[in-house]
Structures are given as structure tokens and as C-alpha cells.
Number of protein chains: 6
Amino acid sequence: MKGIRSILIAFGLFAFACSSASAYGPSPLQDFCVAIKDINNVFVNGKFCKDPKLAVAEDFFFSGLNRSRNTSNPVGSNVTMINVDIIPGLNTLGLTLVRVDYAPYGVNPPHTHPRGSEILLVVEGTLYVGFVTASPENRLFTKILNPGDFNIGKTAAVAFAGLSSQNAGRITIADAVFGSNPLINPDVLAKAFQLNKNVVKYLQSRF
Amino acid sequence: MKGIRSILIAFGLFAFACSSASAYGPSPLQDFCVAIKDINNVFVNGKFCKDPKLAVAEDFFFSGLNRSRNTSNPVGSNVTMINVDIIPGLNTLGLTLVRVDYAPYGVNPPHTHPRGSEILLVVEGTLYVGFVTASPENRLFTKILNPGDFNIGKTAAVAFAGLSSQNAGRITIADAVFGSNPLINPDVLAKAFQLNKNVVKYLQSRF
Amino acid sequence: MKGIRSILIAFGLFAFACSSASAYGPSPLQDFCVAIKDINNVFVNGKFCKDPKLAVAEDFFFSGLNRSRNTSNPVGSNVTMINVDIIPGLNTLGLTLVRVDYAPYGVNPPHTHPRGSEILLVVEGTLYVGFVTASPENRLFTKILNPGDFNIGKTAAVAFAGLSSQNAGRITIADAVFGSNPLINPDVLAKAFQLNKNVVKYLQSRF
Amino acid sequence: MKGIRSILIAFGLFAFACSSASAYGPSPLQDFCVAIKDINNVFVNGKFCKDPKLAVAEDFFFSGLNRSRNTSNPVGSNVTMINVDIIPGLNTLGLTLVRVDYAPYGVNPPHTHPRGSEILLVVEGTLYVGFVTASPENRLFTKILNPGDFNIGKTAAVAFAGLSSQNAGRITIADAVFGSNPLINPDVLAKAFQLNKNVVKYLQSRF
Amino acid sequence: MKGIRSILIAFGLFAFACSSASAYGPSPLQDFCVAIKDINNVFVNGKFCKDPKLAVAEDFFFSGLNRSRNTSNPVGSNVTMINVDIIPGLNTLGLTLVRVDYAPYGVNPPHTHPRGSEILLVVEGTLYVGFVTASPENRLFTKILNPGDFNIGKTAAVAFAGLSSQNAGRITIADAVFGSNPLINPDVLAKAFQLNKNVVKYLQSRF
Amino acid sequence: MKGIRSILIAFGLFAFACSSASAYGPSPLQDFCVAIKDINNVFVNGKFCKDPKLAVAEDFFFSGLNRSRNTSNPVGSNVTMINVDIIPGLNTLGLTLVRVDYAPYGVNPPHTHPRGSEILLVVEGTLYVGFVTASPENRLFTKILNPGDFNIGKTAAVAFAGLSSQNAGRITIADAVFGSNPLINPDVLAKAFQLNKNVVKYLQSRF
């Protein structure tokens, strides 16, 4: 804990684009329901579960969150989501844990979690976090004067976040808008973002 | 109904950016709870309500959805949300109605509803609608080959949508990212969107 | 939209018998969960789903709501429910769309939706709508002096309604009371409705 | 317990008209929230609560359910609902208790609870109980050959029921249809129930 | 009903240890969903269901609650839980019924229901009931001066309770702490309960 | 992060006594609802909120979680709950953050959270964690052979936990059983825990 410079807690999105999308999963109907893979390509809302008599402690554990992640990418950050796909015992429990690594000056780009509010705990480095709300309209909340969910220190940073869903999802705005598969018609984006169509096409080539 | 060219129903976001953010409000605990204004600047989750004995039919009605809205704006569309702020009787009932007017070639720009899934009914004109999902990652679903929630016909279009929340919210991606108040640090956006900082500043000057 | 005479929005039941039965389904635990048929006669709360990688845009669409329905029946109305059984992509999204056609002077008989509140949009013709509440006890709310969810104009009418459930259900009071399978003991109904037993038997022969 | 002839448990409606309307209230956000009266004619979804430090055991108790109720009325039954209006401590807890007294051959008339499923326990006498479902359509389920939620024995009967809501509501079909305030237009009811208009008016004069 | 001495209703835990654990199950998405056994060792949150067309009245009934249970055990009480495992039709309905038999001076030991609040109805004998809350911290609520969920009369007692879950669960504190399988390390319990380690081991040998 | 020896994640209770009590709060009905104090001794389910226009970033932040807590107490641990009472912006968001400090060989005594499941992240030291389930009955799950939620290392330990509720509550079993206010009748506890009445009285004097 020596490395901790400051500890901040933020709810909602610690990014700048979409506001506090918050949806809670259904309550559990038994003590636990350890997720298993789909059966013959059939799925349910949530996950199928194994026989509770066969549950073992390993179904509820995960190790390795202490290891740094690679942040050598254009935005200089790396998000590790420990959700029900990683810890099967999280099924029906409405919680996800996230580790975010930041390179110096790295940015966790604007994003939204369609199913879950968020609480963020910085354990190493200094981060400036914020979120934009729908009402009041497009209001930006940040903790420090220099807004941005990016690392202003010269060293790497690490944060952990809790999400109120077993599968909160994550949509990075730029990727969804400019890098969908297939691509969105550039005429639409040009009009929506008030960008020249060539700029849109350039952006689409990057994402 | 003569003017109806085609009728399509889309769930989730009929825009292109953020996936199906879906959150249901709490169930009602009485037949109805007609919303009133805040009391002395105090609020609750949802709304305060008037005495049920004083409820009148007008608390549950709204007229005027048949009138066209002005679409003379850069994106060529106009969204009218009939939520609990407009019909106080919607409080606790988990429903919002929306009218969207499109100018010829108008676009309802990429957006997300943080609290509510959506079902869309086109009653006039032809629209191409779509949405992007978080998982499968950034997958674009559209009904017609030319993707886009915009009016490809030469005439105006009208759609109605139902949202599964009394106050679904609406975040227009471009406005939240480039037009928040205060503005997001342009360095953050430049890195996140892989745009030149001057382009970011130009965009911020437009929204 | 030329045909629209008036637009009214009603919540709850637009019928006269049972009050605002409102139940929300569980929140989705993933972006979507396109319903498939039961597997070997096994069911779940809601529906089984197909592999999300195999989802196509058609899973979320339905066309044909622009076509008039046949209203040549004793009550002079026809209800088309577009729920999860019709649009499999509605599964877990908590929404149903309904089209109601009315013949001149047609009546949508008193009914209740056991799982869902309702918002009604009249797109053609003139309707008088209302609902009865449990508390205040048996209070009737209507928008116009002549109460009744029936078409007082001389022309046909069309309304669309949104329900806050993927499978809101619909119980027509008269059918459930007098036309159940098997029939309810006429002695019970005679006492409950204060009707002569022969009247009950006559009614049971009609439904 | 000597008086107990048989014990049956039924879910859903123990009446014959409307199916299993089931809605759960929101989860509590604290240990308890003892309801108090409205404040200056302002209400909330559910109830305002008193200071938890002032809660006393009496807030959670009710006595007198052992006393027989008067069943001298046309239907020969009497329903006592012990909900949040009677026991303020039930607020946010999602439970209601009901006592039903039956005169010999008394009938608890067809009804629905808009917010709550039901479990019924007969503690004295013999009852035949049943319910009608929306899907399968208008299917009647009863436990004994002689269907009816009425006392077939020659003696009085008593049942207790639990409902899954702090305020489940209760709509007696016949009262809501024929005895609303103001009355429903008899033309509507005549068409909906396929009754002669004079029969409707006669019924309206009785309820 | 002659045997009824007093009738008390308690919410939450009628025991002394853990406070009002209250969790509601998800709302039903259809009229009913009669539980069946797991399929090939696969489970879901809640239960798989049978084809609704094959549902019969027996799926919703249970008889035998009028029979006394054996209370010849160290604590002098016997709890019979009628949950979804006993009545398959309770699936998705959010209700459980419980019968508790008490020997003279019997005790229903401190326990908690992890998923459900409780309402208690004493139908025979005299009971003193209570519960402890988390906030206000460790506050004990009891109805009578002599606290305890035990039978102070010289005769047996019977109570029925309703729980707001189809599978509320029940954890008897003493059994979970001192009788788990495998046993908890006695050093931990000695420190946590401030007991001598030998006392812990003695207790572990008893449960 | 140098001090991190191992990272384990546990759901449910990381204690030994009561199983996974899990209850989710209601979904938010607006972007945020920053909690304020009660108004004139009136409360609601959850909290009253301030005017959203007056919300500031500080409403969503908390600092100081990097400071060690004092663990000089009989059990050698200290639990700091950062819930809606500490961060008013958490209201309606369904999340709580917890810091737990352990002295060498300290124990976080058996406890339950009546409203919330839990995910635990060890950031310093070595902990052995576990939980007991209701079904399978009294089954103990632990990660390492030496069961116990206590620090087996010779140095202090720190863990952070996320809970799926804005106000999950916490009941320490031993305190609630033996240290309630007023005290539980020792006869009841003697019978329930199979302890000599004098041992019970001794324990009651300690808590």
C-alpha cells in the first residue's frame, strides 16, 4: 500500500461520455448457482448452473489480479473485467470486479456500462475521473480541475472498480461508433457528429 | 394510416452507438402515484405523489402527439419524450412514449437510453434502424442494407417508440462527448478518439 | 397521419374492469437473449435463447402492423399482441406492443393485463378510454364524459399500446368468468354476480 | 386445531376470474421502514417512514385475527386484509396476510390482486378453490370436482392467505364492472358481456 | 379455532440473531412455471418448468399441514417449510409457507432467512417472538416482556409463517457456526466468540 | 502493489456463519439522487435526495481509504463500510465499498450482510476466507486447507470488498446473539446453543 498516492471513489461511469447506466440483475433464488457453459447452443437469461452439490471453492475464486497488464496500446490503458464469464460463482450475485491499468498519461476512453453502476478505487498512481449525466443535460462531474480519466502522473496507475452486475457490459464509445462490424454508413456519422465525411472514413479506418 | 409505408419494430437502441441499456424501475406499491413537483427542494428516487383521492383523468393523459415537430436543425430530427415529467400519472409505471420526427434525410444521432429498452414503430416514411451491441463486441444490427437511423426517403418520417422506464433518459453521444458542460479536456478526447487535438477543439466549438 | 383525429394516452388498463396490474420482468443479464422454442418440453421463467453469435436483425423485427385487422365479431374489436412469442428478440427486454382495431361502435371489452402497465396511443378515429382502480375503491377514470373504451365515431379506429412486459398477458373478464374451460360452477357465479342461475347458464352458453 | 378438516394450499387467485397477477415490490434498503401517514398530503411510492430509532415492537404486531368476522352479506364471506395500512412495519417487506371467513355455502367472489401472488391455507371447514389462467387461455384449475371458492360444508369456514406484496390490492370483478363510481356506460357493458342492456342496468342497481 | 390463545404477527426473523434479511425473487414472466427436476444435472436460477399445457391442479396443492410434527429434539421445535421444492407450482411466485411446531418450552433457535422477510401467525399456544436488527445496531424487538421465540405455556404451540420467496432458505446460527461440514477452525471461533477453545470444540462435538 | 502477497476473490460472506444473503435495491429512476438527511424525522425507503442541479463532484467521492485502521480490539480486525451514509451519491446505485484491516492473526468474526452479496479483494497480506451455505445445508467453502477468515501471516493484512447494495447492513453473529439491547433471555440461548445457562450469562457479559 506504500504506492498509493491518493484514493478516490467514483460512482457511475469514470469515463466522460455516457451517464450512469444502472441496471440490477434479478435476485438469486438459491444460495448460489455456479455458471456452466451453454448446453447444446441453448442459453438462458444469465447462465445455466452446475449441480450445487458439485460446487467447489475454486468456483468462487480468481487469482492474478496483482499482475500488471500490458498498456502498450493507443490509449495507454487496459481493462480487465472479472465478471461471471471469469468467475462462474458470480452468477446471480450481481457483482463484477474490474482492474484498470494505466500507462503514464494513459486514458481509459469514454465508455458506458449498459448494465451496472460503478464504484472506483484508485490503489496506485493519480487519476482524474469524471462522468457526464443525462439530466442535468450533459453535465460533466470531475474531481479535480484537470478533467479526464487519465493518468496525469508520470508513473503508471492502477484502479479497481466494482460494478453492480454479474455482466455489466462495456461499450467504448469510439469503438462502437467508428469501429462496428459492419461499419455504420459514413453519411449517418458525418451528419450526426458534424464531421466531414472524409474524417469519418479516416476514423473508421483507424478503429 | 394511408401514409404508412412500412412498419418496423426495433428493440434496444435505434441508434448506432451504445447497446441495449436496460433498467427497469421499481414496481408500483399502489394502483397509481401521480407525480408532483419536489417539496422544498427535496427529492426521492422517482417522484413525490399527490393524494390519490385527488387524482383526475387528466393526470394520465396527454394530447398533441399528432402535431409535427420542427426538424430544422443540423441533424434533421426532433425527439419528443413523453415521460413522467410530461404525464405525471406515469410515475411508478415504467413506461415512456417517444415521438421522433425526421426531415428528409434526417438523422436521429447515435444515442443511448441509460434506463430502458426500446420498441420502435414507424408510422410514416421509411427508416433504417439499427443498434450496436457490447457482446458480441461492437456488432451492428440493421434491418436494411443501408444502415442508419435516418430517413432515406425524400419525404419526412415519423416514428413512435416505447421505452421500459418512466424516465429512460437519453444521451446523445456526440453532445455528451464534445458538448458537455464544462468541456472535457481535449487531450483526453484526442487520445480516446485518435483525433488531432485541433479537430477535437473544432468539434467542441460546434456542439 | 392525416387520419388522426385525436391522440390520447392512457396508462394502466384502458378497459373498465380491473385496475392497474403492473409487474416488471427481471432485468436482462446480457445485451439480448433471442427466444427460442422450449427444449424437449422443458421451459424456464421467460424463454430459452439462441446463441447470441447467431442472432440476426430479423430476430428483432416484425412487419405488418399497418394492416387492418378483422373486427367482425360480437364486440367489434381485434387485439394484436406483438410480444415475445411474436418477436423473439423481445425476450428479457420488458416490452410488448399492441395494435387494437375497432369497428364503428366497437368495444374492447373489460380486461386486465396481469403483468404490465399500459400506455395507449390512438392513431386513427376517436376512442373513449378509462380504467377502474382498486384504491380508491372501484373508482372509474375516463377522459371524456361518455365513458367506455369504444369507438363513438362512425368510422373505424386504431390504437397502439405499449405494455411494460415481454408477456403481459390479457384476461378478458367476461371470457374468464363465463367461458373458462371447464366452466365455473354456475351456483358460484350466480351468488357472486347476484344473477339468476339461469342467466348465468345462458351467459356460459354464449362465451 | 381440532376444527381443521382439511388443509389445502393454492397459489395465485383462489377466485375464478383473473389469473395470477403477480408483482413484487421493491426490495427494502434498510432493516425496516415503519410506515407513517402522508405528510401534508404528499405521498411516495409505498409509504413515508418514521425514525427507525423510534420504532417499537407494536409497529410490527397485530392481534385479533382469531375473532370471527361477520359474514351476513349477499356473498356470505368476509375478507380481512392485514397489509401495510394495518401493520405499518410491513412497509418495504413485500408481504400481506389475509383472513377470509365463509358462512355456510358462502362464496368469496371472483377477484384479482393486481400486485401479488397468493398462498392459501384453510384452517377450518372445507373449501374448494380454483383460479383461471390467461395462458393456457381461460383454463380453470380447481382442486376438487365441484369447482368454486365457496364453502360446500354446512358449517362456517376460515382460511388464511399470504400475499407477496405489502399492498396487494383486491378487485372484486363484479363490483368493479357493475359498481364503479361513476358507473360504466351500460352500452359498453351490454356489448362486452353480451347482456341485454336492461340486465346491465339491473345489475348496476344491485352493486 | 377454539384452541387459539393469541394471535401475533411478526415480520422479519422471529428469531433472535440475524435481522430482516429480505430479498425478493424475480417477477414471473408467465402465469405459472411449474418446477420440474434438473435436466441432466443442469440447473437455472430458480427451476426448470414443465409444459404449461400439462399443468394440473395438484401442482399447486399440498395437504397435511394440519398434522402435528414431532418436537422430540434438543430444542423442542420442528420447522416444516413448504417451498418450491414441495409445491412445484410456487416457482416464480415468491412465496413460501412454513409450519412451526413447539413442544412445551420449546425454542425455535436463532436463525436467519437469507432470501425473504417473514410474517408469523400463531394459531395455537402462546409464543414470544422477536428479532434483532442491524441498524439500529443489535436492537432487540420483542412483543412481550419475556423475550424469546419459545413457548412459555405448558402446552404445545403451532404457528404458520409466510415468507416472501419461493426458496427463502434458513440458516440456524448455532448449526452453521458450530456444525458446518467441514468444521470451522476452532481457533477462529474461539477468537470470534471470545470462548475458550475447548468450549468451542465441545460445542462442535454437539452440533 | 509491492505488498500484495496474493489476491483472492470471494463472493457471498467471507465469514463462516451465515450464507449468501443477497438482496438488490430498487433500480434508480434518474441519473443520480444524492442522499440528504431525513426531513423533520420523516424517512423513505432509501433516502431523500438533494436537488440534482445542486449536486457537486464531492457528493460522489471519498478519500482516506489508504489509511490503516486501528485493529487493537479483541478480534483484531476493523471494518470500514463506505456506504450511502458515507458517500451520499451512492443512493439508488446499489453498491457499497468496504475496507477491512486485520492485525496479525486477526479475525473478521462470522457475520452476515442482510442485503447484499460480496466480492472480496485482498490487497495486502494473506487471508483465508470462506462461507457457509444454507443449501447444501451448512456446507463450508474455504479456499485453503486452514479454514478461517483470519490472517495467518505474521503481518497485517488489508482487503477491499464490494457489496451489491447501497446499505448492505452487517450483523456480527456473536454480537447480535449475545450482545443485543436488551439482552435475549438466557434460557432461550442456553437451549438454542446447547450451552449451560451460566456460560450464556458469561458470554452476555462480554459482548
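Glycine residues also receive a Cβ, built from the backbone N, Cα and C atoms like all the rest.
So that you can see what the record holds, here are the features copied from TrEMBL:
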- C:1-23: signal peptide (SIGNAL)
- C:CYS33-C:CYS49: disulfide bond (DISULFID)
- C:63-201: domain 'Cupin type-1' (DOMAIN)
- C:ASN108, C:HIS113, C:GLU118: oxalate binding site (BINDING)
- C:HIS111, C:HIS113, C:GLU118: Mn(2+) binding site (BINDING)
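Everything TrEMBL records as a feature, shown here on the structure.
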| residue | record | CB count, 10 Å |
| --- | --- | --- |
| C:CYS33 | disulfide bond | 25 |
| C:CYS49 | disulfide bond | 25 |
| C:ASN108 | oxalate binding site | 29 |
| C:HIS111 | Mn(2+) binding site | 24 |
| C:HIS113 | oxalate binding site | 31 |
| C:GLU118 | oxalate binding site | 27 |
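Helix, strand and coil residue tallies for the domain 'Cupin type-1' (C:63-201), in that order: 22 helix, 45 strand, 72 coil [DSSP]. The two recorded residues, C:ASN108 (oxalate binding site) and C:CYS33 (disulfide bond), show a Cα separation of 33 Å. If you take the Cα of C:HIS113 (oxalate binding site) and the Cα of C:CYS49 (disulfide bond), they are about 25 angstrom apart, rounded to a whole number. Proximity to chain A, defined as a CB-CB distance below 8 A, holds for C:CYS49 out of the recorded positions C:CYS49, C:ASN108, C:HIS111. Cα separation, C:CYS33 (disulfide bond) to C:HIS111 (Mn(2+) binding site), rounded: 30 Å. Confidence over the domain 'Cupin type-1' (C:63-201), given as mean pLDDT on the 0 to 100 scale, stands at 81. The CA atom of C:HIS111 (Mn(2+) binding site) is located 12 Å away from the CA atom of C:GLU118 (oxalate binding site). Here the CA atom of C:GLU118 (oxalate binding site) lies 26 Å from the CA atom of C:CYS49 (disulfide bond).
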